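Visitor: One structure is given below, represented as structure tokens, and several questions about it will come after.
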């Protein structure tokens, strides 16, 4: 069995390292993220769903989930995606767990590039845009697999492209705000 792994400093981890030795769920960060995303779910259903945006609607929940996962990492991203996806499933008429599965994967995959996002301007944009595309296509695929397909393949691709474009438009505004809030939350946690 070899030597036990020693915890690495946050900056020492490889970009694609899936090891969670230094990563933990911090209750305050988790509670703040759940509250923010719960509000986003309600806004998505009540306000964004009624927008007459061309090509489809932006997906505020996926964008915020991907941003939070980029900042906090894959563990929080996956757990948060599952919890918020389950909340969204409870508010809809489709199969329970469908959105939870997709958002869990989106949160985990977006969190994997956390270290690269700290050093680049384009990584957050590309990651959040890709998360919106993947989330939209994932929801369409899950719906089709479960026998409740409402979109054709072409319509799903069109909506995914639109979701990616909308994500690229809002990420430059939301990412710095979320990063500052996370830093403050972690700084305040040290004072308690």
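The backbone N, Cα and C atoms fix where each Cβ goes, and this holds for glycine too.
Nobody curates TrEMBL annotations by hand; they come from automatic prediction.
Keep in mind that what you see is a predicted model, and the values were worked out from it rather than measured.
Features from TrEMBL:
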type: TRANSMEM; residues: 29-49; note: transmembrane segment
type: TRANSMEM; residues: 61-88; note: transmembrane segment
type: TRANSMEM; residues: 94-113; note: transmembrane segment
type: TRANSMEM; residues: 125-147; note: transmembrane segment
type: TRANSMEM; residues: 159-181; note: transmembrane segment
Visitor: Sort out for me which stretch, of 61-88, 94-113, 159-181, has the most Cβ pairs below 8 angstroms to the transmembrane segment (125-147).
Guide: 159-181
Visitor: How about long-range neighbours of the transmembrane segment (61-88): same chain, 6 or more residues beyond its ends, C-beta under 8 Å?
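Guide: Answer is 18, 20, 23-26, 29-30, 33-34, 36-38, 40-41, 44, 96-97, 99-114, 117, 123-124, 127-128, 131-132, 135-136, 163, 166-167, 170-171, 174-175, 178-179, 182.
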Visitor: Other than its close neighbours in sequence, what residues sit by the transmembrane segment (29-49), given a CB gap under 8 Å and a spacing of at least six beyond its ends?
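Guide: For the transmembrane segment (29-49), the sequence-distant neighbours (Cβ-Cβ under 8 Å, at least 6 residues beyond its ends) are 57-61, 64-65, 68, 72, 76, 79-80, 83-84, 87-88, 91, 181-182, 185-186, 189.
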Visitor: Please indicate, using numbers and ranges, the residues of the same chain that are 6 or more beyond the transmembrane segment (94-113) and have a C-beta under 8 Å from a C-beta there.
Guide: 15-16, 18, 61-62, 65-66, 68-70, 72-86, 88, 123, 127-128, 131, 134-135, 138-139, 142-143, 146, 148
